[in-house]
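Engineer: Got a structure here, written out as structure tokens. Questions coming.
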Amino acid sequence: LPGLFTYMKVPPPSLSMLCYAVRVCDCADSSPRSSTDKKQARKAKALSHFPFQHNFASSQASPSTVLMSSTPPRSKPPANGFVALARKVYNPIGFKKGYNFTLFVITVGGMMGFALARVMYFNIDGVFCNPDHKQRTLPGECYFYQSGTGRAGIIMHLVGMVPGGFLACLQFVPVIRHKALLFHRINGYLVLLLSVVGITGVLMIVRRTFGGGVSMQTVMGAGSIMFLGALGLSIYNIKKLQIEQHRAWMLRAWVYAGFIITMRIISFLAVMITADSGYYQVKQCAVLDFIFRHNQTKVLDLYPGCGGYYSGESPGLNVIVHSNYHAHQPAEIAAGFTSVFDAGSWLALAIHAILVELYLHLTPAESERLRCISYQRQLEAGMKNAGNAGLTVQRLGDAEPWLPPVELQRLEHSRTPSSDDEMREKSVSAA
């Protein structure tokens, strides 16, 4: 046999490789007699379909060794007293790095605060649509929420997205994901259900919300599709035990959803900048009548063109309203906001979409660590293409085949010829 392998110019198989082949054949032919034997046989069967499976035996290490390389490195000693104090705050809730906790406070804190501030809107007539309340919606918005589809849509939106956004914040707390896995799963399905209900409500009111322009309808539709699409891809990947893709798509989903907060900030700044400008908006006379509490005299004094509406000749009559945030009458204030909301929404959605991709590209180590864990769990579940069961670039694109770092090192080591092989090749060439 050594002479045959020398003649064929291939290195002879090592003893560990032969032992591994015997073990795989034995696991495949014999029937397991216990649950442990069944689990080992399933792992061996999965390995037989995976390339470079002989590397496990060549280093005499079990597949669980892969997890050793996926554990995060130990944190460095604190540089000063402030860092030491900060670690006492964020380490108990599962964070290992300060910048992650900082981003968590900014993003999750903003989402949680926004959701809590909207709880009062459950009282639609007393707060949300009350013209005398300071926290009411824009003047004239509630004209379309008095009954019918608009009323049902705003209720579904508030009931779905307000508690859904608050509960989603708990999904990003590391200690909950690690120590309360059952709560994480149940809460995740509850958040998914509430999100579907809330977005359904958005689609029911998008025709009239924030002015109801075509641009506003488009951005709300695009944001809703992006949000629900990312949630769906996240659920699919976790069903396939592709944890790093589940993390990526869930982050995308809720960063997309958070654009409604940035949209309000940008729009408020924009309406301040464009105040006293030459912008105008078209408003229905019926909405103006609702804004001024059915005061026909006041409406006709400000907008004489609404005479046809009150006479009954043109019930759907529209007039032009000046956009002016600093005006002392509510119609012009509402026109000032609706004139900038669509542009602010597009800008906010673009900012959030770019920032989440930037964050994912700046955290490849965490993604690689989770992929190693995904590889191990898919291997234990008996999946054929361990490491690529979900929507990975290796499965969908033309990326190079992926292996855990430990297996790549073993593969490189197995390709390096030993000193005995080199001496044998030299002796053959000399002969």
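A Cβ is built for glycine as well, from the same backbone N, Cα and C atoms used for every other residue.
Remember, TrEMBL labels are computer predictions, not curated facts.
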Engineer: In TrEMBL, which of 8-28, 218-238 is tagged transmembrane segment?
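Structural biologist: Checking TrEMBL against the ranges 8-28, 218-238, the transmembrane segment one is 218-238.
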Engineer: For the transmembrane segment (154-176), could you work out the same-chain residues 6 or more beyond its ends whose Cβ comes under 8 Å from its Cβ atoms?
Structural biologist: 92-95, 104, 108, 111-112, 114-116, 118-119, 121-122, 124, 128, 145, 183-184, 187-188, 190-191, 194-202, 204-205, 250, 254, 257
Engineer: Apart from its near flanks, which chain residues at least 6 from the ends of the transmembrane segment (101-121) lie with a Cβ under 8 angstroms of it?
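Structural biologist: Same-chain residues near the transmembrane segment (101-121) but 6 or more away: 86, 89-90, 95, 127-128, 135, 158, 161-163, 165-166, 168-169, 172, 254-255, 257-258, 260-261, 359.
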